[in-house]
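As recorded in Swiss-Prot:
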type	residues	note
ACT_SITE	HIS192	active site, proton acceptor
BINDING	29-57, ARG98, ASN137	NAD(+) binding site
BINDING	ARG105, ASN137, ARG168, THR247	substrate binding site
Amino acid sequence: MSTKEKLISHVMKEEPVGSRNKVTVVGVGMVGMASAISILLKDLCDELAMVDVMEDKLKGEVMDLQHGSLFLKTKIVGDKDYSVTANSKVVVVTAGARQQEGESRLNLVQRNVNIFKFIIPNIVKYSPNCILMVVSNPVDILTYVAWKLSGFPRHRVIGSGTNLDSARFRHLIGEKLHLHPSSCHAWIVGEHGDSSVPVWSGVNVAGVSLQGLNPQMGTEGDGENWKAIHKEVVDGAYEVIKLKGYTSWAIGMSVADLVESIIKNMHKVHPVSTLVQGMHGVKDEVFLSVPCVLGNSGLTDVIHMTLKAEEEKQLQKSAETLWGVQKELTL
């Protein structure tokens, strides 16, 4: 008899039980791993699968996490073969060419479209009922690409969008007011990145509108220069890339925040990228961030934001910029 047989006596033969809330992370780069660790530490799933084309890096990252199994409740698996991702509830796509210092998110686009042509069909093959969450940049265009390539209904394809931009915005407003970001209610909508739209008209603390107190807030004529905060939000990622070479932790936490709302069916409102055709005067088939309700079925509802004419105009301009790039893509 083996040591195992001497130690343990079987009472019954177990039937294999599938995971109820499996999450897959595609791409084990900086963002993928920050997303993975954030999901693990929030204890959001009973199985986490990781997949990447770089076999050694993938194997190393999976082993490193598995060595911490004692401190976790999640089974961790990884393989370059997409069968490892089978029956996922949520699939987070972080894979793609990395943004270089000074490179705009839109510049990355065709490089990443070609990568998606391999990734998306594989995800669909093994998890036909999953919710697809796109994080790779430029996120709004690549969410559109994932939607087109997957054939999924729009409520099951979500871009991480301006969830992080809004978090940066709330952090910086909190710094200026000496308040915790959770008490500063503020939204950034539109494109994730350079042409994002800060909704100054909606910024409030405890229901008190800041623009009600300072009607010039967010404009050139504002003596307190609140507008600089939005510039800091836009420049924030570039600054971090300049200093440490890439962004990872905040986007990882943002991804886990979105995954939690889906897995736990929280019906929480997040600014995420969805098909906005027909909203706020947008005519083209583009994905942009607006406040959306996330739950177990994916994106269940969109909140109708009251935007000022100037804010709506900026949103439409964002849509035109994205459509200009999208219509040139070869899918």
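Backbone N, Cα and C atoms are what each Cβ position is placed from, and that goes for glycine too.
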DSSP-derived class (H/G/I helix, E/B strand, else coil) of ALA49 (NAD(+) binding site): strand
Binding-site residues near the residue listed as 'active site, proton acceptor', in sequence order, restricted to MET33, ALA49, VAL53, ASN137, THR247 and a 10 Å Cα cut-off: ASN137
Sparsest Cβ surroundings (other CB atoms within 10 Å) among the binding-site residues ASN137, THR247: THR247
Lowest local Cβ density among LYS57, ARG168, which the record lists as binding-site residues, within 10 Å: LYS57
Sparsest-packed among the binding-site residues, when each Cβ's other Cβ atoms within 10 Å are tallied, from GLY29, MET33, ILE37, ALA49, VAL53: VAL53
Cα proximity to MET33 (NAD(+) binding site), best match among binding-site residues ASN137, ARG168, THR247: THR247
Cβ neighbours of CYS45 (NAD(+) binding site) where a neighbour is any other Cβ within 10 Å: 24
ILE37 (NAD(+) binding site) and ARG168 (substrate binding site), Cα-Cα, nearest whole angstrom: 20
Set of same-chain residues at least 6 away whose C-beta sits under 8 angstroms from LEU41 (NAD(+) binding site): ALA256
Neighbour tally for HIS192 (active site, proton acceptor), based on other Cβ positions within 10 Å of its Cβ: 29
Three-state secondary structure, GLY29 (NAD(+) binding site) (per DSSP): coil
